[in-house]
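Record features (TrEMBL):
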- 264-277: compositional bias 'Acidic residues' (COMPBIAS)
- 278-309: compositional bias 'Basic and acidic residues' (COMPBIAS)
- 338-366: compositional bias 'Basic and acidic residues' (COMPBIAS)
- 67-187: domain 'AB hydrolase-1' (DOMAIN)
- 386-474: domain 'AB hydrolase-1' (DOMAIN)
- 251-374: region 'Disordered' (REGION)
Amino acid sequence: MKNKLPPRMPRSSGIAKLAPFGAARRKDYTPVSWRQYFQKYEDVETEGGTFRVYLSPEPDHPSRPRIVTLHGGGYSALSWSLFTEEITNMIHCQVVSMDIRGHGETKVKDPDDLNIDTLVRDVEQVILKLYNEEPPPLILLGHSMGGAIAVRAAHSPVLDNYVQGIAVIDVVEGTAMEALASMQSFLRGRPTHFKSIEHAIEWCVRSGQVRNVDSAKVSMPSQILNCQTGLLATNEVESYSSDGMVHTPVATRHAPHADRIAEESDDNDEDNDESDATDAKHAKTDENDAIHSKNDAHTKNDVQSKNDTADVASNTENDTNNAKNGDGNAENDANIPKNDESIPKNDDSNTKKDEGIPKNDERITENDINNSKIDDSITDDAHFARPNAVGDGAAMKYKWRIDLSRTEKHWAGWFGGLSNAFLHTRAPRLLLLASVDGLDRELTVGQMQGKFQMQVLTRCGHAVHEDTPGEVARVVASFALRHRLTSATENGEHMNLVSAPGC
């Protein structure tokens with residue numbers, strides 16, 4: 001029987017160190033350029049100022065609809081990046097995503113004027129200027145504050161004849177007005193500054209503002225400013241892209257549930273760490289005379305875990321003393337022989353960065369967070385809500401593009417009368433929600449009367465279109481096809497889009 005079994009694999013010398021659970025996996029928070037999702041951008045000059053508009057490729061025919069996306073308060077046009085990739089793969093259309101006044105790269109004379117009438121007028125002027133006073137068929141798609149703008153713009157005499165459909169994401173008058181009372185408290189709980197772009201993206205994902213790391217990597221840089229230059233962090237991502245330093249994001253095409261955090265293996269670092277630990281323990285096991293190798297054994301004890309140190313130290317009294325003295329003694333690094341390559345150098349690139357789960361008496365340093373080395377087992381999200389606690393000024397490098405707390409006087413105007421305006425829009429209506437409990441009384445009655453299509457999406461937060469861009473794109477594509485506003489692409493024909501059920 002033994003002869004029939006495959007030969008046994010040779011065992012490596014020494015005792016291999018088992019990596020802690022999840023230690024070989026870490027999340028990638030490297031920012032990504034908007035160019036991976038949009039073809040170009042245009043800075044549209046209007047009476048109010050200059051508005052940044054991102055555009056996907058032109059459709060195959062001028063009569064195809066343009067989906068004008070309007071982001072929520074504090075977000076930007078790039079929050080629609082992954083949605084744009086998905087929707088253009090399903091139906092023939094063009095996505096027109098603009099930075100609203102006071103957000104993103106838009107520059108206006110009075111950025112604090114966020115009155116609903118001013119915001120609607122901005123949308124009107126941008127669309128007319130973009131299409132030389134003769135817009136093609138339009139589908140207005142808005143999230144939160146952007147949804148309120150889309151509903152009001154659909155009633156505008158300037159755009160009424162061109163709006164062929166309206167879709168609103170996770171905004172209902174009743175629930176929105178109730179939430180305003182706690183909005184200031186929520187804003188005070190956010191960090192005011194970030195030490196790096198990666199740190200901001202990491203906070204965005206860990207805090208739950210956006211649950212899809214791929215979306216956060218392209219949208220979060222457009223929401224923060226460099227405190228020194230006053231420029232949007234998106235401009236720095238462009239320089240990283242030109243040097244080839246930006247990681248390619250996990251493809252979301254054909255993946256409507258792309259709400260998982262992308263992780264990458266730190267194989268090289270883990271292998272080096274295992275090799276160092278194995279060599280150290282092997283050397284300690286083979287050496288019977290600890291007195292002749294006191295300095296060497298003392299240094300190697302730093303690499304061993306506490307259990308290994310206790311086992312080896314039981315052999316001799318001198319080893320025990322060396323292990324005790326060696327724990328956390330960084331000054332003795334100067335005694336390390338330079339020709340001993342098996343002893344790890346005490347530099348920033350190799351110092352315990354791969355030992356996954358920290359010991360109970362150790363805390364994660366600010367430098368670890370800055371380099372995005374946080375282990376999967378660490379779930380203390382509160383740690384990321386205070387990046388400005390560092391006293392050396394390093395945490396003051398980036399701040400929010402807009403101070404939402406100063407916009408409170410406009411909140412009631414955004415959402416007041418929204419449900420009634422939505423129900424009386426001439427164009428076909430679509431409402432997407434993250435929870436069925438979000439409906440108010442007026443919309444509940446309207447939905448029972450069949451006045452609009454409603455879809456409830458799961459596994460997502462408030463930023464529905466960022467958390468599940470594929471599902472949102474599928475619903476919007478089905479909505480457009482059902483009302484014969486466009487036709488499906490070759491890929492969309494195989495997705496049974498029209499048969500997607502409503503709620």
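Each residue, glycine too, has its Cβ placed from N, Cα and C.
For the domain 'AB hydrolase-1' (386-474), the DSSP counts in helix, strand and coil order read 45 helix, 12 strand, 32 coil. Model confidence over the domain 'AB hydrolase-1' (386-474) stands at 89, taken as the mean pLDDT rounded to a whole number. In the domain 'AB hydrolase-1' (67-187), helix, strand and coil residues by DSSP number 54 helix, 25 strand, 42 coil.
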